[in-house]
């Protein structure tokens, strides 16, 4: 971990979102509220799916894992970001930075693959309804979940191993509110060409796995739905897909902007805003998107509330 007289720093300094002291406390309160809503919404959805047997279906198994990923995602990033609003010296240990980066890549990759699997699930449910119970069994669903987490883990391991080989001799100030690759590459004393290539190749594969799977699935879904004669049937089929399309668009639109482009094409301040959206805001929006117009989730919530009221 040394290069000549250069030794790896024991800590990094995070620049945070802003240096304006007047904005520190208002931003702290805003993002604390967002983080609280994120945890309550995602953990609440996980609990609801767990206790209501009507939601023990493949679609909700994947949604439960998406909620877990979003809650973990937000927890990896937000608490440290909140601390930067309150601390004068915004430090994170070298080990803490590496662990944060590893967790961040793991969860980002997991979400990409989860969205792809959810698109395939909707395709089978709508285009092959009679075969759906046989194809998407609980065992198959959990194997898919285990497989995507394993792939995400390997992806994160590759990127983190590359990061561990970099030296940071000239600066330890990370111009960001968390340890992401772009600001770390900016202050590296070593060549980051291989790292940037790995980010592009692996990032493209994980993003495209979802970006390609989703449109292909929805082409077949649309072709199937237009043949449905009843308006109620068409509405029910499309209503289960709308939430997924919104989640995919929000997540991948930001990720493509962030990672599938040359690192120096935009300023780090622009990256901060984009990062803020998909690491803090999207994890809050996802459970709301999937629950807002979802009759099954609303009915399950009513049953749970009614049961608790009756018991008490």
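Including glycine, each Cβ sits where the backbone N, Cα and C put it.
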Membrane side match, residue 52 / residue 270, Swiss-Prot record: no
Stated Swiss-Prot location of transmembrane segment, expressed as one of 140-164, 165-189: 140-164
Winner by Cβ contact number (other Cβ atoms within 10 Å) across the disulfide-bonded residues 97, 179: 179
Per-state residue totals over the topological domain 'Cytoplasmic' (121-139) - DSSP helix, strand, coil: 13 helix, 0 strand, 6 coil
Helix, strand or coil at residue 179 (disulfide bond) [DSSP, three-state]: coil
Taken over the topological domain 'Cytoplasmic' (293-312), the model's mean pLDDT: 76
Within-chain partners of the topological domain 'Cytoplasmic' (50-57) [C-beta distance under 8 Å, separation at least 6 from its ends]: 64, 138, 296-297, 299-300, 303-304
Whether the transmembrane segment (101-120) meets the transmembrane segment (27-49): three or more C-beta pairs under 8 angstroms: no
Criterion met for the transmembrane segment (27-49) and the transmembrane segment (140-164) (at least three Cβ pairs under 8 Å): no
